[in-house]
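Visitor: Pulled these features from TrEMBL for this protein:
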- A:Glu152: active site, proton donor (ACT_SITE)
- A:Glu308: active site, nucleophile (ACT_SITE)
- A:Arg113, A:Asn151, A:Trp316: substrate binding site (BINDING)
- A:16-384: domain 'Glycoside hydrolase family 42 N-terminal' (DOMAIN)
- A:396-600: domain 'Beta-galactosidase trimerisation' (DOMAIN)
- A:608-662: domain 'Beta-galactosidase C-terminal' (DOMAIN)
Amino acid sequence: MTEFGWPTEGISYGGDYNPEQWPRHVWDEDVALMREAGVNLVSVGIFSWALLEPREGEYDFGWLDDVIGLLHANGIAVDLGTPTAAPPAWFYATYPQARVVTRDGTALGPGSRGMVSPSSPEYRAASARIAGELARRYADHPAVVMWHIHNEYGAPVGEDFSPASVAAFREWLRARYGSLDGLNAAWGTAFWGQVYGEWEHVGAPAATASTPNPAQRLDFARFTDDQLRACFVNERDAIRQHAAQPVTTNFMAHQSYNTDLWRWAREVDVVSDDHYLWSPDEDGHVGLALSADLTRSVARGKPWILMEHSTSAVNWQGHNIAKRPGEMHRNALTHLGRGADGILFFQWRASRSGAEKFHSAMLPHAGTGSRVFREVVDLGAKLGRLSEVRGSRVRADVAVLYDWESLWAQDLEWRPSDELGFRERVRAYYERLWRDGVTVDFAHPEDDLSGYRLVVAPSSYLLTQAAGKNLADYVAQGGTLLVSCFAGVVDEHDAVHEGGFGAPLRTALGLTVEEFLPVRPQHDVAVDLDGATVPTAAWSEHLVLDGAEVRGTYRGGPADGMPAITRHAHGEGQGWYVSTRLDVAALAPVLAAVYADAGVEPSGLPEGVEVVVRHGDAHDYVVAVNHRDEPVTLAVPGTDLLTGTEADQQHEIGAGEVAVLRTTARPQGGGR
Amino acid sequence: MTEFGWPTEGISYGGDYNPEQWPRHVWDEDVALMREAGVNLVSVGIFSWALLEPREGEYDFGWLDDVIGLLHANGIAVDLGTPTAAPPAWFYATYPQARVVTRDGTALGPGSRGMVSPSSPEYRAASARIAGELARRYADHPAVVMWHIHNEYGAPVGEDFSPASVAAFREWLRARYGSLDGLNAAWGTAFWGQVYGEWEHVGAPAATASTPNPAQRLDFARFTDDQLRACFVNERDAIRQHAAQPVTTNFMAHQSYNTDLWRWAREVDVVSDDHYLWSPDEDGHVGLALSADLTRSVARGKPWILMEHSTSAVNWQGHNIAKRPGEMHRNALTHLGRGADGILFFQWRASRSGAEKFHSAMLPHAGTGSRVFREVVDLGAKLGRLSEVRGSRVRADVAVLYDWESLWAQDLEWRPSDELGFRERVRAYYERLWRDGVTVDFAHPEDDLSGYRLVVAPSSYLLTQAAGKNLADYVAQGGTLLVSCFAGVVDEHDAVHEGGFGAPLRTALGLTVEEFLPVRPQHDVAVDLDGATVPTAAWSEHLVLDGAEVRGTYRGGPADGMPAITRHAHGEGQGWYVSTRLDVAALAPVLAAVYADAGVEPSGLPEGVEVVVRHGDAHDYVVAVNHRDEPVTLAVPGTDLLTGTEADQQHEIGAGEVAVLRTTARPQGGGR
Amino acid sequence: MTEFGWPTEGISYGGDYNPEQWPRHVWDEDVALMREAGVNLVSVGIFSWALLEPREGEYDFGWLDDVIGLLHANGIAVDLGTPTAAPPAWFYATYPQARVVTRDGTALGPGSRGMVSPSSPEYRAASARIAGELARRYADHPAVVMWHIHNEYGAPVGEDFSPASVAAFREWLRARYGSLDGLNAAWGTAFWGQVYGEWEHVGAPAATASTPNPAQRLDFARFTDDQLRACFVNERDAIRQHAAQPVTTNFMAHQSYNTDLWRWAREVDVVSDDHYLWSPDEDGHVGLALSADLTRSVARGKPWILMEHSTSAVNWQGHNIAKRPGEMHRNALTHLGRGADGILFFQWRASRSGAEKFHSAMLPHAGTGSRVFREVVDLGAKLGRLSEVRGSRVRADVAVLYDWESLWAQDLEWRPSDELGFRERVRAYYERLWRDGVTVDFAHPEDDLSGYRLVVAPSSYLLTQAAGKNLADYVAQGGTLLVSCFAGVVDEHDAVHEGGFGAPLRTALGLTVEEFLPVRPQHDVAVDLDGATVPTAAWSEHLVLDGAEVRGTYRGGPADGMPAITRHAHGEGQGWYVSTRLDVAALAPVLAAVYADAGVEPSGLPEGVEVVVRHGDAHDYVVAVNHRDEPVTLAVPGTDLLTGTEADQQHEIGAGEVAVLRTTARPQGGGR
């Protein structure tokens with residue numbers, strides 16, 4: 001794959017810019033204010049299909065020429081969108097068969113945010129055509145530095161039960177399995193008498209009387225991901241016929257459901273991500289850090305772009321909490337600390353109309369006199385001082401396993417308990433590591449893990465035999481592995497492994513699971529560790545040890561007196577297993593013991609002081625974010641790039657403040 | 001418009017009468033018992049279409065002739081229904097295209113309470129025909145004193161997504177906007193790429209992948225209201241070709257959703273209303289008073305008819321609370337005190353079969369020996385003593401703004417918080433005024449408000465520039481205005497006002513709103529007033545003062561230390577703003593200060609003693625309802641019409657009792 | 001009806017066996033392990049249609065021949081399934097019109113557990129054909145001892161709104177009512193104007209704008225039951241043309257919704273039942289006992305087969321609780337104690353694939369070394385010692401009324417309160433009797449009740465005049481009747497009885513109900529009994545006594561001071577009425593007084609010691625299950641068949657243990 005230069009000088013800064021919502025005179029004000037704010041990159045045209053192609057095959061690029069010209073004249077680069085997330089009303093009217101159909105058979109029409117069926121041949125043709133026309137026209141425009149294909153693939157809809165989708169799924173299955181015998185075996189159709197005798201009888205998992213076949217649903221999730229990605233590739237290749245700028249599309253990291261970002265990241269030239277805080281979560285900045293680390297990890301460590309976040313509240317959650325003064329700076333710099341070389345927002349100017357008028361923007365309804373706009377200008381100035389950070393890399397000693405296939409599988413119906421969720425466990429383990437000041441990468445279970453001291457597997461319900469062997473080898477060669485409950489249960493077809501629950505992990509962990517023992521909500525259950533007792537809930541397991549030593553024991557509940565936490569020495573390393581759902585606080589003593597095994601050092605800083613190091617060719621940069629209500633002192637010699645302050649030994653970071661320290665000394669905590 | 005005489009001598013009393021559910025011999029018992037109960041008006045034929053027109057175009061009026069004749073012979077007048085809320089099974093079978101279709105595409109069939117599509121040309125024709133046939137036959141019948149068209153328009157269904165509705169909506173839009181450019185601008189279709197290039201592509205806001213265009217939904221709500229009203233006018237005009245009696249249809253006041261009663265009240269000759277207590281609400285009588293005041297207000301002060309209420313429990317709520325002894329009397333007389341000159345029930349005799357057999361009635365399943373029937377007879381006797389009250393009027397010093405368009409707009413998706421509701425705020429402010437013993441009218445924001453000392457705007461999310469100017473003028477000319485939070489946010493197209501949140505109110509209130517700051521549920525927030533601290537929740541705002549003085553300050557939460565309640569002197573008056581969601585108790589000190597500004601005097605009576613005055617040509621009548629568990633003494637000289645008791649200075653009203661006092665002295669509280 | 005011999009020697013033991021999910025070599029292991037476990041009966045072929053008839057009209061019985069042959073060679077008998085609960089994919093593809101359609105119009109496709117429309121003529125033909133082919137082939141096979149038709153009729157779907165169903169419903173109604181006048185009267189169509197003038201206009205109660213006609217829904221429930229039963233009879237008769245073995249189908253007792261088991265039990269040769277614990281219920285064994293007694297009762301006392309239960313957790317509840325050691329034995333022996341002569345499980349070997357892979361099995365994923373398999377082997381051994389119990393009968397002094405028609409009717413929309421549920425009340429009264437150690441039968445309200453000392457009616461909302469007379473006669477002849485609230489309200493058409501609420505019970509109870517008085521959740525209400533006060537909630541009634549004496553009085557709530565519990569002497573007996581929703585504890589003093597009236601003796605054992613007697617020709621057998629955490633001593637002389645222990649006077653039963661005592665002495669408690 002071609003290596004592309006970064007699209008802007010220094011750190012990219014800006015947001016989605018939708019000038020078509022405003023009269024021409026506002027554009028001039030916009031670019032003047034963008035300059036004031038230090039904006040150097042905007043995404044244009046993301047929802048403009050109906051304006052660019054007002055009737056099928058008739059194009060109107062004049063206004064876009066003007067906008068791009070105006071931006072260019074003001075030194076602002078353009079990330080040019082293909083507008084294919086917003087098929088025009090004429091497309092829906094001309095090709096009603098292209099509409100997405102829900103599981104229950106309702107066809108979804110226009111008048112909202114898209115989307116039509118990713119399997120529709122008419123949509124594939126039309127989207128490649130508009131993307132190609134744009135590429136032809138703007139291939140050589142000096143302002144256009146990047147292509148932004150579509151928008152948030154998989155949202156707001158992923159799965160589609162239209163006839164086109166069903167037909168494509170059948171072809172996909174035929175390619176995957178070759179024969180009906182293969183499909184019948186993979187799906188276990190002998191159960192409940194679902195054996196297929198003709199390809200034409202195989203369909204999507206639409207409305208049925210009871211629970212659909214889980215392997216069919218899992219394959220439909222894979223198919224959905226593949227179809228969406230095929231739409232991306234379809235447009236990318238259409239652009240490549242004319243244009244050479246790098247291509248991206250905006251991911252949604254930990255909020256991504258329908259897209260397996262390990263696969264997607266291979267197809268883009270630059271990884272970019274959208275992230276929004278979740279209002280009910282008072283510690284939303286932990287989820288933010290998680291998403292940033294996940295984004296960097298799917299990018300395999302390369303710098304990435306935060307394509308969208310918000311200056312303050314969003315509008316699509318039930319009760320949308322606004323950011324408090326300073327919070328946007330902490331958010332933006334956390335992304336940067338975790339590898340983002342671009343900080344962009346949705347959107348430049350708040351829309352007066354439409355479904356998202358209550359979404360905050362760089363320029364809010366309250367105008368330039370507002371707190372938000374002042375902070376936007378201030379952030380632009382700060383980022384301007386961080387140009388040298390661009391291109392530096394984050395390194396981690398710890399990997400957290402993350403696999404969208406396991407997420408899809410665990411979410412299927414009729415699991416032993418609704419109380420165990422893929423994302424909940426990933427967040428809990430991540431948050432423990434975050435509070436301990438340990439920098440992590442995410443990794444796929446079949447990745448080469450040899451570079452990590454510790455591998456944590458919070459949610460590995462689906463785990464292939466190959467992944468199990470990979471983990472066993474990792475341990476044998478000296479790694480420390482920590483696996484959370486309900487792991488290694490099924491294979492790639494959602495079939496229980498031969499050998500029982502956890503069979504692929506038996507070598508690494510020295511145990512298997514005889515039976516799952518969910519705990520009634522009204523029952524008190526705890527785990528006795530060495531000298532400590534921590535509460536637990538919801539879930540326990542009946543373990544059968546095969547070499548592992550007991551490190552924690554259940555007190556109360558259905559597994560009373562049985563092993564809860566184990567450690568297994570295997571080869572040069574050790575495999576830990578936590579068979580219950582510990583919360584973030586209860587995980588602390590467990591992780592402390594695991595760190596000791598692995599040789600991982602927590603930062604030693606107070607909880608809520610977030611420190612990450614970016615390693616550059618000449619310097620290391622410590623990005624420190626103080627989420628606490630009091631100042632903290634950091635023992636790092638160097639220069640604070642944001643303030644210019646230099647200090648020999650230590651820097652004080654005020655309550656709620658951020659520092660970016662250029663240093664050559666190895667900093668406290670925050671990754672190696 | 002013609003002025004009609006009142007349909008009965010004295011106060012009207014009765015209910016829905018559905019003799020077709022009973023054999024002929026029961027009818028004789030019915031009329032005898034009606035006479036015992038003092039019934040003088042019954043509504044007949046409301047669901048009788050299938051019996052009156054058993055096959056399309058074939059009529060059978062014989063049984064109705066008999067019923068009306070029997071009633072007439074017994075001195076009972078008839079409010080004759082058009083049965084068009086219950087299209088017959090043959091109508092559904094003959095015209096399947098007339099069925100209502102839900103947003104998700106399900107067509108609603110027969111076998112329940114209607115209704116079919118209000119946009120169906122077949123329905124329009126058939127309903128005008130049966131209404132006309134009835135009018136032709138009974139135009140000159142001396143028993144028939146009023147026409148009761150249809151039943152509760154907008155319930156159980158309002159919005160309809162059938163092809164007929166979509167076609168009608170398109171025509172409605174074409175008439176409203178003239179051009180597609182106008183529509184695209186009004187709907188802000190540039191957002192999310194929804195621009196329309198052909199009228200044929202514009203449709204109803206049916207199932208979409210994400211949130212539909214809010215301006216489209218708001219227009220669809222207006223269209224729905226218009227279509228329902230067109231159905232009413234269609235029947236009314238068909239009746240008018242033959243008959244001269246006054247025409248009504250039963251509203252649902254504060255429960256009305258799909259109908260803008262300000263518009264509907266202009267089309268009827270007599271306003272009538274249905275009201276049912278909401279079981280979960282222990283203070284349901286406050287909501288009752290609100291609905292009665294709203295009904296009188298849309299009637300522009302003219303006497304109205306309580307067309308339906310219940311003698312005891314209803315059946316369609318989850319857990320249906322029966323009325324306790326005396327409660328029905330308090331309910332009925334509260335309606336009368338607030339302007340009703342007719343007190344009717346659903347229904348005369350409890351149905352043995354069907355969906356509402358557990359709905360209470362004047363004659364319950366337990367028969368004439370029951371408590372309920374005894375109270376019905378007693379109420380009839382009491383109303384018989386109140387004939388002279390008929391035609392007297394209620395006057396108020398205070399207006400509460402109420403606008404169905406703002407209700408529709410505020411209910412759309414993706415507002416900043418689900419925690420703010422139109423009806424909740426109206427109820428909270430109303431209840432504060434009710435507990436303070438202040439009589440209010442409701443008014444539309446563009447009404448002439450000059451007659452009021454105080455105008456309260458609890459829920460004015462949508463507020464036009466014209467309404468904003470109206471309110472500013474009102475204040476400038478000496479009025480006191482009290483506005484609650486989240487006001488003046490959008491214009492008639494649900495677009496944020498230029499100038500930011502609250503821009504149309506800037507002149508009257510001396511401020512705008514920079515940002516909405518919803519409060520997390522787990523956070524304690526209060527407002528410091530002069531010497532008092534009251535709790536608040538859910539919502540705060542970042543205000544930018546432009547002349548207003550601070551009267552309350554936030555303690556805690558995202559707006560800690562910022563202004564919460566303000567007062568602005570403008571011209572001869574003052575504009576107050578409450579930027580948070582105070583509950584009924586917390587509103588007390590705020591309203592006390594506002595009353596002082598406005599020169600409004602609370603009644604000074606204990607909370608729960610409800611007093612309203614009806615002003616007649618010769619006398620004033622104090623209607624006093626004691627909701628308390630102990631007696632109260634009222635300093636009003638005069639005669640209690642219900643008991644005949646006269647008193648020089650004061651009347652004692654027993655716990656749970658009602659008095660109607662004829663007085664010439666100005667009474668304590670209860671309006672001017 | 002033919003009397004059939006029991007299908008196995010001794011107690012039947014085994015489970016569903018689905019060898020088609022496994023390769024051939026596993027079958028040999030299966031039968032070896034079955035022998036180890038004492039298995040003597042397995043159900044085969046329940047979901048095998050697609051394998052037996054891979055294309056329409058083409059059969060493949062070879063593999064089934066092999067399986068049955070292998071089982072036979074190992075002495076294991078076969079309960080041979082007809083696979084008609086799992087129509088093959090080709091059936092759905094060939095006959096799309098046979099799909100079940102939901103109320104909202106969604107057609108349910110394949111890929112799950114069946115089912116298609118029970119009214120589909122194509123399904124009727126195809127299912128009779130495959131059943132007939134199986135019967136022809138295996139009529140004389142010595143291993144095949146019973147036919148197992150279909151699976152759990154009515155689950156996962158019962159009601160069907162397909163065109164075939166609507167047409168069949170119309171014919172069913174025509175047969176039931178003869179004329180439209182009859183139908184209009186029965187359904188009370190005069191209410192809400194639903195009168196039908198043509199048969200073609202009558203349909204199923206599909207999606208409507210408001211609540212459908214309740215009598216129509218009740219008839220649709222009856223029709224659904226009839227159609228499902230017609231499917232059963234259709235297959236049974238097809239089998240009978242070739243084969244003579246007894247026929248069964250597996251019921252679901254108290255979980256059965258769409259099937260009126262009083263009617264179904266008449267059609268089968270052997271009654272069988274499936275039962276699963278409900279995880280949220282910590283006392284699920286009480287519900288188990290209830291279902292077992294209900295199953296025995298619909299079998300009219302004859303021995304029955306527990307066709308399915310689970311060795312440990314199921315998978316289809318939100319949070320699936322595993323059974324603890326010993327719990328499966330207690331469960332299985334409770335079924336046996338209450339009349340089961342066969343103890344089977346779903347399923348033999350846990351499935352690796354499909355929707356139920358997390359359902360426990362006799363041979364779990366953890367294999368033969370697991371706790372569960374050890375307990376399965378142990379249970380087999382125990383049952384082997386109980387052969388002599390087979391055929392003995394349970395007798396009861398108390399009957400609890402149970403009527404599916406009343407369940408259907410009470411579940412319809414718009415009842416006075418959601419807080420009263422049919423099953424909740426049955427369970428509460430049953431649990432009181434269970435805790436008191438009183439053995440009960442269930443009975444239909446129109447059954448001959450003269451053999452019982454006490455009849456309890458916990459949920460008799462729908463009660464015909466004939467049933468009312470039956471109960472009055474029962475009391476007059478010396479019986480004791482205990483009726484719970486909301487009883488005798490409607491007739492067979494869901495029409496309120498003439499004479500008011502409770503009219504059919506007036507003679508037996510000496511009262512009627514004037515009004516229902518639901519209680520607000522926040523209100524404290526109690527009932528004063530003789531010297532005791534018990535709390536109550538949710539519901540009270542205004543009673544009008546007509547001979548009954550007051551035994552309990554309301555304190556607080558809307559019925560404060562009014563009678564709550566009454567007793568009426570009528571003829572030789574007495575009728576008790578409890579007009580409120582007492583919980584299990586509050587029922588204790590009430591039932592104590594009722595027992596005294598009826599001459600019923602509670603067991604006197606501690607709560608949680610469950611004792612039932614099976615009466616044989618030569619011996620009585622006391623089945624004692626100790627659910628407590630401490631041992632209990634039972635004063636029963638005899639031999640414990642499970643251990644061989646003999647004792648002269650008493651047996652100690654350990655905590656969580658079970659004993660089956662052969663005795664000739666009349667035991668303490670547990671039925672006569």
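Just so you know, the numbers here start at 1 and follow the chain as drawn.
Keep in mind that glycine also has a Cβ here, set from the backbone N, Cα and C atoms.
Curation does not apply to TrEMBL; its annotations are automatic.
Quick one: how deep are these features, and who are their neighbours?
Guide: Non-local neighbourhood of A:Glu152 (active site, proton donor): A:Ala85, A:Asn250, A:Met252, A:Asp274, each in the same chain, at least six residues away, with C-beta under 8 Å from its C-beta. Secondary structure at A:Glu152 (active site, proton donor), taken from DSSP and collapsed to helix, strand or coil, is coil.
Look at A:Glu308 (active site, nucleophile): DSSP puts it in a strand. Around A:Glu308 (active site, nucleophile), taking its Cβ as the centre, 21 other Cβ atoms fall within 10 Å, counting all chains.
Looking just at the domain 'Beta-galactosidase trimerisation' (A:396-600), the mean pLDDT is 97.
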Visitor: Cβ distance under 8 Å to A:Arg113 (substrate binding site), same chain, sequence separation 6 or more: which residues?
Guide: A:Phe47, A:Ala85, A:Ala86, A:Pro156, A:Ala355
Visitor: DSSP says what for the domain 'Beta-galactosidase C-terminal' (A:608-662): how many helix, strand, coil residues?
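Guide: When I sort the residues of the domain 'Beta-galactosidase C-terminal' (A:608-662) into the three classes, I find 0 helix, 30 strand, 25 coil.
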Visitor: For A:Trp316 (substrate binding site), list the number of other Cβ atoms lying within 10 Å of its Cβ atom.
Guide: 15
Visitor: Could you tell me which of the recorded positions A:Glu152, A:Glu308, A:Trp316 sit with their CB under 8 A from some CB of chain B, listed in sequence order (or 'none')?
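Guide: Near chain B - Cβ to Cβ under 8 Å - we find A:Trp316.
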Visitor: Express in Å, rounded to the nearest integer, the largest CA to CA distance found among the substrate-binding residues A:Arg113, A:Asn151, A:Trp316 named in the record.
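Guide: Overall maximum Cα spacing for these binding residues reaches 17 Å.
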Visitor: Can you tell me how far the Cα of A:Asn151 (substrate binding site) sits from the Cα of A:Glu308 (active site, nucleophile), in Å?
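Guide: Their Cα atoms are separated by 11 Å.
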Visitor: Round to a whole number and give the Cα-to-Cα distance in Å for the pair A:Glu308 (active site, nucleophile) and A:Trp316 (substrate binding site).
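Guide: A:Trp316 (substrate binding site) has its Cα 15 Å from the Cα of A:Glu308 (active site, nucleophile).
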Visitor: Tell me the Cβ neighbour count for A:Asn151 (substrate binding site), meaning other Cβ atoms within 10 Å of its Cβ, over all protein chains shown.
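Guide: Other Cβ atoms within 10 Å of A:Asn151 (substrate binding site): 26.
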Visitor: Is A:Trp316 (substrate binding site) helix, strand or coil when read with DSSP?
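Guide: In three-state terms, A:Trp316 (substrate binding site) counts as coil.
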